[in-house]
Amino acid sequence: MQQAEVCSKGKSNLVIAILRFLQDEAQISDPDKKESLEVAVQCIESAFDVNSNSDSELPETVNLLHLFTEASSPTKKEKLSAESISEAESYKNEGNELMRQGLFKEAIEKYTEAIRINPDNAVYYSNRAAAYSRLDLHECVVENCECAVKLDPTYGKAYGRLGIAYSRLNMFKKARDAYLKAIELDPTNEMYQSNLNLVKEQLSSHEDSVPNDRNVDINQFMANPNLLNMASEMLNDPGIRNVMSGLLQMGNEGGNPNIDVLLSMGQQLAEQMQINNPSFVDNLRRQFSGEQGGNVPVNNSNSSEESCDKPHSSKEEGNSS
């Protein structure tokens, strides 16, 4: 029985890994291919009665493509020939050129080919991470940077990119740890220190401003004259009053409307509020969410081996080696 359970879990994890791979591919594919991949995901989920978002013992960092590449590549005991090394470098250089042209999806394919030939080169994973970063696929950046630092624990540049990815995912503590490691390996890099300072500010700001959703301070709302004035104007709006009248009429008649009716009325109320007084809705959202802007981590490497990539509009370390 225990063996059967282990096999069942193994099969479930394999299916989830396949689903994650297909979903990652869909994110970087053209619309037609993306639609086909999404249909494939739905078919697999239906056939195996699972979905990639369900609870699973499979870590998020497990990458099916990486596992397959490792399994199908020469073992570490087999020394790569000079020809294979040269071929892998050629793919990497092609990827770098595509990065210069802004063809990030195509660059990913070239770096993947380089990894297929030589899966033990940390630079290839780091370069692929840079390409994923340009596509804002920061989970993929994390996966590739982790592969890079596993192969080369002294690869400071990969830790720097890892910090940026974690920052973009709002995982500020992990970002801080990554930057600290990058600084430990490259203490003269001012960009890492600057990004670390930004993350520390974000951590402090986040801890100070995270709202308690279960204990909203209504007094803060009532003490704000601007919000009260906007609320008064909203209640005087004919459209809002009609929706509210409908809800009150249901209660006075002793009716028992089903959930669909209530949801419909609530949606109408929200739509009227958004249409007639969007500033009120925006202020409410900001009042209760504690929303605030944040700085973007700097990524402006001047390293000669990273000169192939175009600078990001928000400056991040996304150049290729």
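Glycine residues also receive a Cβ, built from the backbone N, Cα and C atoms like all the rest.
Nobody curates TrEMBL annotations by hand; they come from automatic prediction.
Some features that TrEMBL has for this protein:
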- 12-68: domain 'SGTA homodimerisation' (DOMAIN)
- 88-121: repeat 'TPR' (REPEAT)
- 156-189: repeat 'TPR' (REPEAT)
- 288-321: region 'Disordered' (REGION)
- 295-305: compositional bias 'Low complexity' (COMPBIAS)
- 307-321: compositional bias 'Basic and acidic residues' (COMPBIAS)
Checklist outcome for this item: DSSP assigns the residues of the repeat 'TPR' (156-189) as 27 helix, 0 strand, 7 coil
Item to check | Mean of the pLDDT scores, which run from 0 to 100, over the repeat 'TPR' (156-189) | outcome: 94
Next on the checklist: Per DSSP, what is the helix/strand/coil residue tally across the repeat 'TPR' (88-121)?
Outcome noted: 27 helix, 0 strand, 7 coil
